[in-house]
Amino acid sequence: MKLLTALSELISIFLFTTIFIFLARKVAIKIGLVDKPNFRKRHQGVIPLVGGISVFAGICFMFGLSDYYIPHLSLYLICAGVLVFVGAMDDRFDISVKIRAVVQAVIAVVMMVIAKLHLGSLGYIFGPWELVLGPFGYFLTLFAVWAAINAFNMVDGIDGLLGGLSSVSFAAMGLILWFDGQTSLAMWCFAMIAAILPYIMLNLGILGRRYKVFMGDAGSTLIGFTVIWLLLETTQGKTHSISPVTALWIIAIPLMDMVAIMYRRLRKGMSPFSPDRQHIHHLVMRAGFTSRQAFVLITLAAAILAGVGVTAEYSHFVPEWVMLVLFLLAFFLYGYCIKRAWKVARFIKRVKRRLRRQRKNRPNLTK
């Protein structure tokens, strides 16, 4: 595929999604598909929850525009459409967690039975021996679908973060697939980014605060499901493009945040789904950073971790078990910092004060 053709298609997806999201936000306000401020949500006014619907519309436009061969594309669109619909209903009417979990489980089973997408192997994470899962792989796949959806849902706490982290994951997968010759799957990843960008622009208020939109559960569910579908498509089979352990690096920050916060909640005797303000973005902001700075820092950290995974995938000289050990070390470092968040926050504030004093005491140079 020519690069110019690919760029023109991505620009078309971006423009279509931009127009769609402006139209969708007007409809959302009329039908009450909006987010209202409460004790946990500090935004002002009602915000349309149309980010996810717009991303899905952009992806449908992409597949209608092109003739890429994507295995089981129709099944993906049906499954994703159901999840987006249920997510939108939850955004509007607040559906119970149990109903959403059942729907996600049914979709996962359909994906495994019809598309034959499931975890059959975790690769060579124990040295020269491949870890083949057998029938247990189906149960692990069910958990992986649920985990991916909830991991991306949990990071949707400050402006731009869900869009930034998901774009990092899709960019990492897209680069690996593009240079591996899997151009159709790569374009799917890049199209997701093109469809997410208009949401990021409006969510951050780049085009004006009055046009602000949120992703909503429909969007976080769509993104998590698409990520796990692509990872199952590309990490399994004899000729897989991505090693299973690399998938951990590609979704590192959402995965680490979900595991860490659920562990803390369970230790306190709380439900793992109970809301709190202990996510990574809350802790970074508690250290003295603004919402925008936290978005940039966390997205940059995700890009660095994903970059490590992509580099290792291409180098071929780093064994998979070494990459797993390095990931676990990164996870334990993350857990250590989160557990001692107040110390980390105090250290960062001290450094920031010292830098401010140095700038203030620096003599002005005149010609």
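The backbone N, Cα and C atoms fix where each Cβ goes, glycine too.
If you check Swiss-Prot, you get these features:
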TRANSMEM  3-23  transmembrane segment
TRANSMEM  45-65  transmembrane segment
TRANSMEM  69-89  transmembrane segment
TRANSMEM  129-149  transmembrane segment
TRANSMEM  158-178  transmembrane segment
TRANSMEM  187-207  transmembrane segment
TRANSMEM  213-233  transmembrane segment
TRANSMEM  242-262  transmembrane segment
TRANSMEM  318-338  transmembrane segment
Check for me, if you would, whether the transmembrane segment (129-149) reaches the transmembrane segment (213-233) - at least 3 Cβ pairs under 8 Å, residues 6 or more apart in sequence.
yes
Here the stretch out of 45-65, 158-178, 187-207, 213-233, 242-262 with the most C-beta pairs under 8 Å to the transmembrane segment (3-23) is 187-207
Highest Cβ pair tally under 8 Å against the transmembrane segment (158-178), stretches 45-65, 187-207, 213-233, 242-262, 318-338, lands on 187-207
Cβ pairs under 8 Å between the transmembrane segment (187-207) and the transmembrane segment (318-338), at least three:
no
Using a Cβ cut-off under 8 Å, which residues of the same chain at least 6 positions beyond either end of the transmembrane segment (213-233) come close to it?
21, 25, 33, 35, 47-56, 59, 71, 76, 79-80, 83-88, 90-91, 100, 104, 107, 111, 117-119, 141, 144-145, 148-153, 156, 162-163, 166, 169-170, 173, 185, 188-189, 192, 196, 199, 202-203, 242, 247, 250-251
Within the same chain, where does the transmembrane segment (45-65) have neighbours whose Cβ lies under 8 angstroms from its own Cβ atoms, ignoring anything closer than 6 residues to its ends? I mean 6 or more beyond.
9, 12-14, 16-17, 20-21, 24-25, 27-29, 33-37, 73, 77, 80-81, 84, 87-88, 91-92, 163, 187-188, 191-192, 194-196, 198-199, 202-203, 212-223, 226
